[in-house]
Amino acid sequence: MKIAKFSVLLLILYIFPVAFSQLRVGFYSQSCPNAEIIVQNLVRERFGLDPSITAALTRMHFHDCFVQGCDASLLIDPTTTQPSPEKNAGPNGSVRGYELIDEIKTALEAQCPSKVSCADIVTLATRDSVFLGGGPSYVVPTGRRDGFVSNSEDAEGILPGPGLPVPDMLTFFGNKGMDVFDAVALLGAHTVGIGSCGNFVDRLTNFQGTGQPDPTMDPGLAGRLRNTCSAGGSQFAALDQSTPFAPFSFDNLFYTQIRERKGVLLLDHLLATHPSTSGVVFQYAANNELFKRQFAIAMVKMGSVDVLTGFAGEIRRNCRAFN
């Protein structure tokens, strides 16, 4: 609780007055007073059945916010007139949790029709799932509205891949107003993440066309991942292998792991070795409270990226379709 209270205090005093004048904490206090409670209860119910929902919603929030801003454009389903929305883009193939957003939206529409945006639902649900997974408790300002545009080409051209060089990664975040502390903290969400073998199998067998495993990866880890990704085995692996009996535990052990050459993704390994980020990785590995506090700050920043407010956009009645 001490970490959570400090995070909330820091967010309100240092970030909210400057960066979020278009959003505000408690936006639905009059128009839909139970909105955040409804979201919280349904996320808690889902988490009890599937703790991996923390990783799913965090990924959804990230992929939505960095393409066209946090406007729920990722949620749009394909139609005959819009055959290729963001959801169809290759990088979004692993995004899941849409049915939980639908469930929350249905409950909110029943109590407060056309009041709570899908963009705010994603933001609030992600916040609640992070806390349930052991992450920080933090407040988020609301008042986002839903966008009118959703194209797979935008996502294909913007979302970064797992082998992105560190300087390019920092530029990617910097273009959205985030610094190195934010970037490394947000990538720390990999502590509850899973990755498709296709995103790292080259490191196990044929790194950069050498015909050999990546020499910078811990040999023991490489061997375990080869078994995981072999024919007949699982096609996914936990990105944080330091807690095998609690794979969805939100903590800073991910940073310790990547400092020991046990990063599954190439980008995660590079975070620990590149001079621009290695110092931050060391700080987060040494201080779980610092990591969680900075993660909360970065999540609130990310949730404000290119938002629609006021009379811009709309409040969708169905998160999967424009009104």
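Numbers run from 1 along the shown chain.
Keep in mind that glycine also has a Cβ here, set from the backbone N, Cα and C atoms.
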Cysteine paired with Cys197, where TrEMBL records a disulfide bond, from Cys118, Cys229: Cys229
Disulphide partner cysteine [TrEMBL] for Cys32, chosen from Cys65, Cys70, Cys112: Cys112
Neighbours of Asp64, Val67, Gly69, Asp71, Ser73, Glu86 excl. site residues, C-beta within 8 Å of centre, Ca(2+) 1: His63, Cys65, Phe66, Gln68, Cys70, Ala72, Leu74, Gly147, Ser150, Asp154
Cα-Cα distance linking His190 (heme b binding site) and Asp240 (Ca(2+) 2 binding site), given in Å to the nearest integer: 7
Distant-in-sequence Cβ neighbours of His63 (active site, proton acceptor), under 8 Å, six or more positions away: Leu74, Glu86, Pro91, Asn92, Val95, Ala155, Leu159
His190 (heme b binding site) and Val67 (Ca(2+) 1 binding site), distance between Cα atoms, whole Å: 20
Gly69 (Ca(2+) 1 binding site), number of other Cβ atoms within 10 Å: 19
Cβ-Cβ neighbours of Ser73 (Ca(2+) 1 binding site) (radius 10 Å): 27
Candidates Asp240, Asp251: member of the binding-site residues with the richest Cβ shell (10 Å): Asp240
